[in-house]
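Step one of this worksheet: look at the structure below.
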Amino acid sequence: MRRIILASASPRRKELLKQLIGDNFVVYPSSYEEPPQPGLDPEELLLKHSVEKARDVAKHFDSGLVISADTSVLCEGEVLGKPGSPENAEKMLEKLSGKKFRVITGLTVLDLDSGKETSEFESTNVWLAELSKEQILAYVRTGEPLDKAGAFAAQGKGAVLVEKVEGDFFNAVGLPLFRLGKILERLGVSVFDEGFS
C-alpha cells in the first residue's frame with residue numbers, strides 16, 4: 001500500500017480523507033506562504049497554491065503520494081478566503097446572503113515515486129439563504145466561520161444556512177472527493193483496496 005501524505009492542517013480535509021482511506025495517511029501541513037498573485041484568475045491561483053503546497057511537503061518525504069488543496073469562495077467576481085476576524089466574517093456573510101456563489105478548489109496529487117504531478121480544479125455552486133443581521137451575528141459568535149473560506153461551514157452549524165448545493169458537496173467542505181478518487185485511480189490507487197478501511 002502506498003504512503004499517503006495530506007499536506008494540510010485542515011481538520012475538515014483530514015476527516016474527508018479519512019472517509020476515503022481510513023487512518024492510512026499522515027498529516028504534514030505545508031509551510032508555503034500564499035503570496036498575492038495579481039493578474040491570475042482565481043482558478044489559476046488556487047491551482048498554483050495547491051501545487052506549491054504539495055511541492056513544499058514533498059521535500060520532506062522520499063516516497064508516497066502528497067495530496068494538497070486550496071479552497072476559496074467566489075462571489076460576484078470577488079474571491080473570499082478565510083475571514084480571520086468576526087468583523088470580516090460578518091461582511092462576507094452579508095455579501096453571500098441570499099446569493100448563489102462558487103466554492104472553488106485547486107487539488108494537487110504529487111506521486112513522489114514516479115515524479116508525476118496531477119493538478120485539477122473543482123467548482124461547486126452553493127446557494128445561501130437570505131440571512132437576517134441577527135442570524136449572521138449569532139453564527140459569527142459561534143466562532144465557526146472565522147477559519148472557513150467564505151465564512152461558512154457547509155458541514156457544521158452553517159449547514160442550516162445553505163439552501164442548495166450543485167456539484168461535489170465535499171468540495172464545498174474543502175476536499176473534492178470525487179475528483180480526488182479519480183486522480184488516485186489513475187495513479188493505480190483504489191480507495192476500495194483492503195488496506196484502506
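Note: Cβ is positioned from N, Cα and C throughout, glycine not excepted.
Given the structure is predicted, the values throughout are model-derived calculations rather than measurements.
Listed in Swiss-Prot:
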- Arg12: site 'Important for substrate specificity' (SITE)
- Asp70: active site, proton acceptor (ACT_SITE)
- Thr71: site 'Important for substrate specificity' (SITE)
- Gln155: site 'Important for substrate specificity' (SITE)
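Among the listed recorded positions, namely Arg12, Asp70, Thr71, Gln155, the Cβ with the most fellow Cβ atoms inside 10 Å is that of Thr71. Recorded residues Arg12 (site 'Important for substrate specificity') and Gln155 (site 'Important for substrate specificity') have their alpha carbons 9 Å apart, per Cα-Cα distance.
A straight line from the CA of the residue listed as 'active site, proton acceptor' to the CA of Gln155 (site 'Important for substrate specificity') spans 17 Å. Taken residue by residue with DSSP, Asp70 (active site, proton acceptor) is part of a strand. In this structure, the C-alpha atom of Thr71 (site 'Important for substrate specificity') lies 15 angstrom from that of Gln155 (site 'Important for substrate specificity').
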